[in-house]
Amino acid sequence: MSELKYRPEIDGLRAIAVLAVVVYHASAAWLPGGFVGVDVFFVISGYLITSLLLREWKRHGRIDLMAFYARRARRLLPAVWVVIATSVAAGSVLFAPGRALDGVADSAIASLLFVANLHFVRITGGYFDGPSGEMPLLHLWSLSVEEQFYLVLPLLLIAVLRWRGPRAVPGTLVLASLASLLLAENWLQIRASIAFYQMPARFWELAAGGLVATLGVRGLKAWAPPTLLATGLLLVLLAVAWGPGEHFPGVGALPAVAGTWLVLWAIHDEGALGLPGVVLRSRVMVFFGLISYSLYLWHWPLLAFERMLTIGPANPWVRLGLCALAVVLAWLSYRFVETPFRRSMPTLPKPRVVAMGAAGSLALLASVLALGKLMIGPPPDALVSAAENDRPANMRRCHYGLDDSIAGLKPASCRSLPAREPALVIWGDSHALAWQPFGWEVASAANQSAIGFTLDSCAPISNFATRRPDFPGHREKCQRHNALVRDYLRQHRVDTLVIAAHWLAYFQDRPTHAGEVFQSPASIATGLEQAVAEVAPRVRRVILIEPSPALLERAPKCIAAGLLDRCAMPRDMFDHQAAPARRVLANIAARHDNVEVLDPRDFFCNEVECPVLKDGYALFWDDNHVSSTAARAFARAYLREPARWSLSGGGTPGANARTLPVQ
């Protein structure tokens with residue numbers, strides 16, 4: 001087996017990467033680009049693995065795949081087994097059977113099979129969406145990416161080395177990297193989470209590290225290594241501090257990848273590294289580098305479980321305490337799990353090590369499956385389960401998430417009555433999706449069909465200019481989506497258009513929790529007025545739904561914790577937050593004879609607060625989207641005044657441009 005010379009500077013670089021990730025996960029506001037620490041890890045991993053494989057080929061004329069996978073098993077499996085087992089056990093104690101526990105178990109199974117990245121691309125709206133923060137094993141997606149890379153790289157190198165020789169390796173890695181980068185850019189335009197989670201779109205980052213391994217040693221002048229090291233560290237630190245911007249993990253990841261590449265080149269050259277090298281190989285940096293793998297494994301479950309159990313705003317001191325606990329657990333894991341397995345198993349036959357790794361994963365997999373069927377935690381709460389699932393049934397099929405492509409938009413497949421042309425259209429963002437059952441109920445009462453056009457974080461306005469740093473191209477996608485809706489209204493006879501959106505967010509004039517920076521409230525108001533002015537003449541009636549309240553925490557969590565009072569939004573707070581949007585909607589309605597404003601405040605709130613529950617059901621499926629049960633109940637309340645609603649009738653409504661209170 002070929003061993004690389006230990007370079008403490010690489011552990012120092014690992015320390016920067018893991019600390020950036022930990023700080024970002026504790027609070028994204030503290031270090032906006034901290035998540036690119038994972039990209040730094042990818043480049044380091046590609047460098048080390050390629051170096052080992054090329055050195056083995058140079059010394060022995062072959063690459064022993066069984067020995068390679070045995071080394072990977074000893075290095076990676078023991079620590080991740082402990083973390084997965086602990087997370088599943090903790091989840092089974094803390095949570096009743098339901099969505100939360102099932103999510104932990106499903107993630108554990110995917111992680112043990114090293115397909116966690118494929119699992120999370122399927123079940124999440126993206127790495128940066130709110131619910132992802134409460135998935136204790138989400139971070140293992142990156143481990144799956146690396147394992148998949150380890151399956152591909154040795155085979156690629158063996159093929160190139162046998163057919164073309166060592167000189168062809170650099171060119172092959174360059175071509176593969178370019179292809180991967182182009183693929184990432186392409187996938188970003190289709191669905192951002194595919195590019196984020198999938199190994200083919202991340203291959204270029206790992207291959208970039210591998211390219212360093214093909215460079216010669218001591219080929220640089222004396223001044224070059226410290227200069228390269230300092231430049232590379234500066235690029236990495238800038239990427240960590242400010243974030244990669246758009247097109248990530250495509251060209252937006254280039255600063256972090258290039259910076260890591262320069263640092264590794266300086267280290268690989270084996271020349272003097274100057275002061276930056278002294279910093280990287282300092283005892284503190286090396287300590288965090290040595291425990292970096294275990295620290296990465298432990299920190300996220302602690303923070304995720306805290307998010308799952310906390311009601312209301314996070315306590316920064318609690319987060320810091322959990323990070324400190326993660327450091328302790330990481331050291332214990334490094335000392336008593338990682339190190340013993342690495343040192344005690346090299347004498348075992350390589351096939352036995354691989355077999356033991358597979359057997360261990362299968363045994364833990366069986367345990368997870370069995371544990372998922374045990375009732376260890378509190379009994380299931382039917383109300384919690386109902387709240388978790390009280391959302392439109394066609395959400396995955398007919399609603400477009402932040403990273404979904406709208407190229408295949410097929411409105412006809414998403415009608416409430418597929419055989420009929422829709423008389424009612426719902427247009428807006430995810431809040432319009434939440435109101436979809438309202439439209440379905442109203443249309444059904446008139447024996448008509450309805451259809452929804454909804455896209456996450458996409459205001460139904462004509463001049464959408466909002467940007468999300470985590471979803472490049474969203475502005476253009478939203479503009480195309482809104483244009484498709486306007487085209488649909490031009491081409492079809494529609495009786496009623498319902499417009500709904502997250503007006504509380506659009507008119508608050510500050511970034512949201514997801515880092516989304518909206519255009520100014522004045523610009524939003526202008527865009528909405530322009531959109532209504534364009535579409536109102538094409539339909540008999542436009543209904544603008546005013547803001548619905550937002551809870552202080554997700555409804556299922558509040559119900560499970562029995563802290564309904566702490567989650568309710570005070571009525572005066574809601575009225576204050578909703579006032580700007582209500583003024584804008586009222587002014588727009590006043591300018592058009594066929595535009596009405598629907599006011600849901602008295603349905604969702606009493607005089608004191610806007611509660612979590614009403615009449616035995618949850619009013620919200622999370623913290624700000626109305627539940628389907630609430631939307632249908634609201635529709636029935638609205639329909640009790642039939643003179644104000646007639647999908648099949650013609651003419652101008654009797655009293656227009658007014659607020660219609662529903663209780």
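Glycine is no exception: its Cβ is also placed from the backbone N, Cα and C atoms.
The average pLDDT computed for the domain 'Acyltransferase 3' (8-334) is 90. Here TrEMBL flags 8-334 as domain 'Acyltransferase 3'.
Per TrEMBL, the feature transmembrane segment maps to 12-30 (among others).
Summarising the annotation, TrEMBL assigns transmembrane segment to 36-55 (among others). Same-chain neighbours of the transmembrane segment (36-55): 2-4, 10, 13-14, 16-21, 24, 63, 68, 71, 142, 145-146, 149-150, 153-154, 157, 166, 169, 173, 202, 205-214, 236, 239-240, 243-244, 249, 253, 256-257, 259-261, 264, 268, 292, 296, counting only residues six or more beyond its ends whose CB sits under 8 Å from a CB of the stretch.
Sequence annotations record features per position, and here TrEMBL assigns transmembrane segment to 76-96 (among others).
Annotation source TrEMBL lists transmembrane segment at 223-241 (among others).
Summarising the annotation, TrEMBL assigns transmembrane segment to 248-267 (among others).
Summarising the annotation, TrEMBL assigns transmembrane segment to 287-305 (among others). Nonlocal intrachain contacts for the transmembrane segment (287-305), taken as residues 6+ away from its ends with a CB within less than 8 angstroms of a stretch CB, comprise 8, 10-15, 17-19, 21-22, 25-26, 41, 76, 79-80, 83, 86-87, 90-91, 94, 133-140, 319, 322-323, 325-327, 329-331, 333-334, 337-338.
Residues or ranges marked as transmembrane segment in TrEMBL: 317-334 (among others).
Annotation comment: TrEMBL describes 354-372 (among others) as transmembrane segment.
Summarising the annotation, TrEMBL assigns domain 'SGNH' to 397-639.
Within the same chain, residues 36-38, 40-41, 44, 139, 233, 236-237, 240, 260, 263-264, 279-282, 284-289, 292, 295-296, 299-300, 303, 314, 316, 319-320, 322-323, 326, 515 sit at least 6 positions outside the transmembrane segment (12-30) and bring their C-beta atoms closer than 8 Å to a C-beta of that stretch.
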